[in-house]
Amino acid sequence: MKHLINIADHSAEEILGLMDEADRFREALEGREVKKLPTLRGRTVFTLFYENSTRTRSSFETAGKWMSADVINLSASTSSVKKGESLKDTGLTLASIGADAIIMRHPSSGAAQQLAGWVAPEGQGPSVINAGDGSHQHPTQALLDAVTMRQRLHLGADRSAAGTGFEGLKVTIVGDCLHSRVVRSNVDLLSTLGAEVTLVAPPTLLPFGVDTWPVRVSHDFDAEVPEADVVMMLRVQAERMNGGFFPSHREYASLYGLSKDRAAAMKKDAIIMHPGPMVRGMEINYAVADYDNTAVLQQVNNGVHVRMATLFTLLTNGENAGI
């Protein structure tokens, strides 16, 4: 595996391999006072973010540093991009400096794929990890979500060679599916592993061509809540809208927000997830966000281990015994 750009490019075996690797890193670090492994000593990792980020950027930086890599953070606002430098020239500059990996977030769908073609033609050059490209993909978010589901719901504890543990799992994703890269990566990953995915959103917030996706579509949140093993709430991405997608925030919250009543209607063992950032009082009730069956902070924690697994796999081909 050279790059991680699009979940759809990877098999169930590769996906489960990354998830298993994340579990191994979590176990290796558990109980350590000093969270430091020599796994990527001497490797140079650049983060290149053209959009704001808290969880993704900080967890990638933490992942690299916990494996002893040299992590260098770049922001478009403080780099030569501000002077008009193109993505291609920025990428080639980092490759020439000696980058082993470039972790990039970019507002344009497909930007990560373009970057990989420029900096690693014919597979020679730094690995590119897509930390979010427009409304297209966010592969490590889908991986950490799947790891969290597996932990909380004890999926695949006795997994056979032929199974994934996700077969028949019912995942309901609610909210702004139109602008969400998270929903696309999760649909690709979960359908590959055999889960059943339902999207719940107003018609104006569903992606074009969603009828060709391996999902069910519903506009009735109340009807779907009791059936779900996982309810994943999505933020309304107002920064990508010009208005007119729904009448008001109050009406949206009434129809598509996870209220106390809807949370009470969930299965006893069902869990609540959110990729963040959460807007309490909009897509999720203030109190519900802190319920015991809400896995948001566990998702964040798993993000570090998933990103460790990703860097480890791409930069060592999984052959370094440094864990």
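Glycine is no exception: its Cβ is also placed from the backbone N, Cα and C atoms.
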Site-mate of Arg55, Thr56, His138, Gln141, Gly276, Pro277 for carbamoyl phosphate in Swiss-Prot, selected among Arg105, Arg216: Arg105
Nonlocal residues around Gly276 (carbamoyl phosphate binding site), in sequence order (Cβ under 8 Å, 6 or more apart): Thr54, Arg55, Arg235, Val296, Gln299, Val300
Listed in sequence order, residues with CB under 8 A of Arg105 (carbamoyl phosphate binding site) and six or more positions away: Leu48, Phe49, Tyr50, Glu51, Ser53, Thr56, Arg57, Ala131, Gly132, Asp133
Least surrounded among the binding-site residues, given as Arg55, Arg181, when other CB atoms within 10 Å are counted: Arg55
Cα proximity to Arg181 (L-aspartate binding site), best match among binding-site residues His138, Gln141, Pro277: His138
Residues Arg55, Thr56, Arg105, His138, Gln141, Gly276, Pro277 [recorded carbamoyl phosphate binders]: greatest CA to CA distance in Å: 16
Site with most surrounding Cβ atoms, counting all protein chains shown within 10 Å, from the binding-site residues His138, Arg235: His138
Pairwise Cα distance maximum in Å, L-aspartate-binding residues per record: Lys83, Arg181, Arg235: 32
